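Record features, source TrEMBL:
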ACT_SITE  CYS157  active site, proton donor
BINDING   ASP277, LYS287, PRO303, ASP304, ILE305, LEU306, PHE318, LYS332, LYS336  CTP binding site
DOMAIN    5-153  domain 'Flavoprotein'
DOMAIN    185-388  domain 'DNA/pantothenate metabolism flavoprotein C-terminal'
REGION    1-189  region 'Phosphopantothenoylcysteine decarboxylase'
REGION    190-393  region 'Phosphopantothenate--cysteine ligase'
Amino acid sequence: MFKEKTIVLGITGSVAAYKAADLASRLVQAGAAVEVIMTESAQKFIAPLTLRALTNRQPVTSMWQDANKFSIEHVSLADAADAVLIAPATANTIARLACGLADDILSSTVLATRAPVIIAPAMNCNMYENAATQANIAALKSRGFTFVEPESGRLACGAEGKGRLAAAEVILAALDAVLNRKNDLAGRSIVVTAGGTREPLDPVRYVGNRSSGKMGYALAAAARDRGASVRLVSTVDMPDSSGLSVIRVETAAQMLEAVRDAVKGADALIMAAAVADFRPSTVAGDKIKKGATSLDLKLEPTPDILSEVKGDFVRVGFAAETVDLIGNAKKKLAGKNLDLIVANDVTAPDSSFGAETNMVTLLFKDGHAEDLPLMPKRAVAEKILDYLAVRLS
Ligand code: CTP
């Protein structure tokens, strides 16, 4: 995956620094030359010797490390890098990069490089969510840095929340996407839907589903990175929507209208959204009060967007199933006149709503099928787009 690539791996002072050893090892196994830079605090968590043994190179730990070498270290690493990966990245390092500081070897290298920079944060959840950190992340994103979002869960400090370093597979997939970036969708216009629709019951309640929107967002971001112009019709907000034209909707009816409009002149429609099949027949004008011994909800069907929206574009659907995955998906492929359906067993571990990963089978109109292994949603997105790129070429 990373043959003949030089990756500068920046390690900063987080307890997750030990995970950088695994990343370094995987990068080496994938063919990369790995140059490690460790901040002073990183060295309190993990010894440079570990990284030297794994990468077969001496980690750089200071601006002034090797005065005998006739090269200015931060410039030579900045020039040599095909990518700079900072994992884990602390709030402090992110803040220093956002300010453009160059007061240690890592920040100097980042300032001096023209290579893409990928940052995988790890920190306490309150520090991550702090407005200062979020503003710094937004500033760096707007300058083209790629962020690999931390996971939610139990943190080393005992708190529960978002701040755990993303899984190695997710970080490496992001690095792969940046390094081996294709431009095979340049000039194409793609409409993607994401999230689950919400059908109102009264002014405060709705009937909804568990879709997180992550698959749709992964598709939209991947299509954007491959050069497409992307219109994203979504029921959820995601932190990184730069370069996407986002149309926010809530209900199936609103999504239908937005998609109808967005597909005009589009080359493809990818319906990753989980659209409600039924909505409350009446929406109460005021909040429904408790007190009654039971409450009957009358529901009516919503429009089927894929069936309603016609036009000359490639049509991709998803089939979220709990039983007879392939049988049900094949029926939808034919019934909704699709070119490709992505069959997704939502009961499988690591493949359910909200997960970072997905395991799917691609079923094509011509009858052939491709089983994909469990992989990050971004990698699933790339596979779907590989098909689209060929179809549209
Ligand atoms: N879909 C749609 N409009 C709807 C419902 C679904 O366009 N009202 C799309 C989804 O975005 C997805 C595909 O149709 O791409 C299949 O959705 P899914 O929920 O799996 O199937 P349904 O057609 O809703 O059938 P069922 O719920 O009975 O499985």
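Positions of Cβ are set from backbone N, Cα and C atoms, glycine also.
Break the domain 'Flavoprotein' (5-153) down by DSSP state and the numbers are 67 helix, 30 strand, 52 coil. Counting Cβ atoms from all protein chains shown, PRO303 (CTP binding site) has 15 others lying within 10 Å of its own Cβ.
Close to ILE305 (CTP binding site) in the fold, though at least 6 residues off in sequence, lie THR193, ALA252, MET255, LEU256, VAL259, MET271, VAL275, each with a CB less than 8 Å from its CB. Of all Cβ atoms in the shown protein chains, 13 besides its own fall within 10 Å of the Cβ of the residue listed as 'active site, proton donor'. For the binding-site residues ASP277, PHE318, LYS336, the greatest number of Cβ atoms within 10 Å around a candidate Cβ is found at PHE318. Between the alpha carbons (Cα) of LYS336 (CTP binding site) and CYS157 (active site, proton donor) lies a span of roughly 50 Å. CYS157 (active site, proton donor) has PHE318 as its nearest neighbour among the binding-site residues ASP277, PRO303, PHE318, going by CA to CA distance.
Mean pLDDT for the domain 'DNA/pantothenate metabolism flavoprotein C-terminal' (185-388) in this predicted model: 94.
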